[in-house]
Amino acid sequence: MAGITEHSTIMNDANFKEENAHLSDASIHFGSSEQDKTPSDYELDDVLDLYNDTTEDDADDADDVNNYIMSPSSSLSSESEHALDALVYPIYSHHNILEHENNSDYASITPSNHPAFTSCAYLQNPVVDSNNEYESKFRLSLEIPPTDFLSTSTELSKRESCLSTETSSSKFSAVTAATITNETQSEKRSSQTDPSLPFKTNSLNCDVTYEEGPLTKKLRGPKKYKPSHSSWDIYGFKKANQFYTVDQYNTWYGPYSRYLERREQRWKLFLQENGIDYIHQSPSIFPSRSAKTQRFIRKGIPPEYRGNAWFYYSGGYELLQRNPKLYETLWRCACIKKPSDSDLIERDLYRTFPDNVHFRHKSKHSRNSSDASEHSSEEPDVPMISKLRRVLMTFATYLPENGYCQSLNFLAGFFLLFMSEEKAFWMLVITCRKYLPKMHDANLEGANIDQSVLMASVRESLPAVWSRISLNFDGIPVNDIVAKLPPITLVTAAWFMSAFVGILPTETALRVWDCFFYEGSKVLFMTALCILRLGEDDIKSKSEQTEVFQVIQDLPKSLLDANAFLSLCFRRNFRRTPSQKDIERRREKVAKKRNSSASKLEMSDSSKHHLSRSSSRFSKSHIISQLHNHLKKST
């Protein structure tokens, strides 16, 4: 593909060392030591230069066949059972919530010994004063029901009448019925809730669906990869953008569609060799971790299997089995008491993939994408928007210290295309707690840490690029990348926070995700460094800082050829990236240094270039907007 070229100048791993690298460690280099490498790291050359319209890329697929299946937990490498348990937020194992008078927030959340799964929420208010006024004090308690069915009953009493809302849901669906009962009348009739109540009955829609993602079903049929002249790709996104036309996309996709068909057949043989049934249903278990599995992952997971494969290799099935019904229970809690970020969530729902056919209302297909964010309250939501709302509201309820941060909507939306909303919720939890720790917290601490690690990697691996991007808006180099991040991180932080969704073309982003959920966060660092390496010549040729920003912002959007890009990412003589162990060590080192100098940073003007949730929630809700503001000031 145009834009992806090989560079003749390769950095010398042994001799290069940045003179004043604040994160340098004599025993730790981004070019990992031999003893740190796994056997699979030595067998990756076979994915290089093999992506063409032949069967050459399949030549190595017969090696290292595993004749046994490991459980998800045993395939999590060093992930221990204790570490897996740590992903589950302990306060929600079971809780009682009390709301006191004149207090809109829960006054206390007390843990209980009962598990939260297969529980039912019961809201009651038996106390009424003599003036026929509602008391605002009520209790929400979670109790274990005798069956697998989840029943939620909400009752609010008012002297001679009470309003009750009963919701019964099975494993597959939920049906909500609201009735009002008067003790002096035998008939039941539908009614609106008194406006003084803490919530309205018609807003308590606790239905949860368990259907799989729309793409999983769509991509099972025959001729699913067949090229078409439609303006939409197989995932429902627009083919064309400002960097390539529909014709250019179709020219690339023709050979790539045959590659997808061929790889799917190789995957079916791979699953069959491991005793996994793929004929009657999409597999929920996959081959154990090995050099061969890694090669298959890096060559791309078939779209039909993609959601289940992500869920399996990330440990999602373990969490789901240990916490059945937790998602549904938390959603019901969110119905009763909306999380503090609910307004932000509602605002971003209709900005999530407005050009994707699965997220757009049918009446809007002929409108401009800018109109997609405008939504009428009278117009019913499309199913994907309703699912996205439930996932994000439940996530904000489950992790209140994390809450909601813009870019989580794109992560959740991508998950929902390939899996059920319950699995999408757990994948969002795993991503934020395991793969990108503290990345989306209120102060974006994880984003700052990872950007420090990335900048250190650029400084060591790409000194020519570093000399151009290390300048602040005044043209002064940034030396201490822990105390003060270069302004360019306003761009690269968005890469990490979205895991390249909306940054790279759809197919390329999906291929990065295949590797990301199998190998860990090191894949994001490899991807970022590869992008900067590809644009090194353009970056060095720009004299103005604003031009450098524009080049880096536009670089990933043109990387349509997923095969060519992934092959370069994993090419040994093209990259100098850290191993996962190196990343964890450097994250820990940066975190310690940031903690030790936190008080100084608060008193220093240098902290203005550190990322924070407050600085990222502004006009258009995108971190790139802040970059544009800086660029305007500098011109």
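Even glycines carry a Cβ here, placed using N, Cα and C.
Of SER186, SER191, SER363, the one with phosphoserine in Swiss-Prot is SER191, while the others lack that note in the record, though it may still apply to them. The phosphothreonine entry in Swiss-Prot, when matched to the candidates THR184, THR193, corresponds to THR193. Taking Cβ pairs closer than 8 Å, the transmembrane segment (410-430) reaches residues 87, 208-216, 235-236, 303, 306-308, 310-311, 314-316, 319-320, 327-328, 352-353, 356, 358-359, 384, 387-388, 390-392, 394-395, 398-399, 498-499, 501-502, 509, 513 in its own chain, all 6 or more past its ends.
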